[in-house]
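Undergrad: I'd like to ask some things about the structure below.
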Amino acid sequence: MFLHLFVPSTPPQSPPVSMLPSSKPPPPFIPVEEELSFRYEPVPRREETREELRAQALARQLVLQEPSLAPLLEPWRGKCTVELMEEIFPTEEPQRPSRPTSCVDDGIHERLCSQVELCEALGNSVVALQQEKESLCEEQRSHKALGASIEELVQQRLKTNEKDKYSMFIGDLERIVNLLLSLCSRLSRIDRSLLALERDELMMEDVVRERESLHHKRSLLLRQTEDARELKENLDRRQRVVHAILSGYLTEAQLQDYRRFVSTKPSLLIRLRHLDELIRLREQQLAHLNESLPADLPPAHAWSTDRFLPSPAPGSSLAPPPTFAGPAHSLRSTAVTSL
């Protein structure tokens, strides 16, 4: 769903962003038609780690043994935030989905043993996800440094009104992507709540009211998302204007750095949000499973939360008390504000 990046080849020995004025005359104005070829960088399809695949296999087995755990252990039903964002930003060609087979033979373990084993798998999964996030944060720091270099060029060479157009565009790009991420995340939670109600197949009056409320909130979010998509389309037009301005001041190598900076920003923001959601989900599942373990069992101390919950990554903390999709889960819609 994400974007195909258009980045011309950089000369072999050209620095990322030269801080020296160009010795040649400014490049000619690039017509808008040529700039239509600009594409945001596609968000790469994320491969699930071995720990995640194992946790999913164990979760499916445990749900067969204890169906009441389905709302907790089957949150992947329905579209996630990233899948909803794919309807707004292009993405890479989908890879063949991996459907792992169960790594634990049916009937070998009792429910409690399966639950303990799942806790261990979830803990390992969180550790792997946090390591993946650390690598992505390093990538973001490099991206921020590139943006600072371009900003310095802008401040040195552009006129005041042109500087303002550049700064407003860069700021709005991040704000609009974050707005779309927030709306898609809320839509995903509502869809999971509706799926949970359908699974229960209850027709009690309270459940009917809850379903109607969720459908109403979903309709509001869909309208807000459509408004946000219009903001994004307007932003794409502004990008072409900013590029035309910069083409009169920067070398081709510097323009390539600008295009790379702009095209990769949405991808980085989306990937980080996706990892944050996965980490929070796994931590919530782990906390609930640990709480449901019998406290009076002989090995209970060995199965404490401290054993399975990994140490938080730098700058992160364990999630607050979790909220899972279900009839009691309500969402508050937020109006789209103009940027």
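Numbers run from 1 along the shown chain.
Just so it is clear, glycine is given a Cβ too, placed from its N, Cα and C backbone atoms.
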Undergrad: Which range is it, out of 1-28, 85-112, that shows up in TrEMBL as region 'Disordered'?
TA: 1-28
Undergrad: Please identify the range among 34-67, 136-169, 306-339 that TrEMBL labels region 'Disordered'.
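TA: Result: 306-339 is the stretch TrEMBL calls region 'Disordered'.
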Undergrad: Calculate the per-residue pLDDT averaged over the domain 'ASD2' (1-294) and state the result as an integer.
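TA: Averaged over the domain 'ASD2' (1-294), the predicted model reaches a pLDDT of 79.
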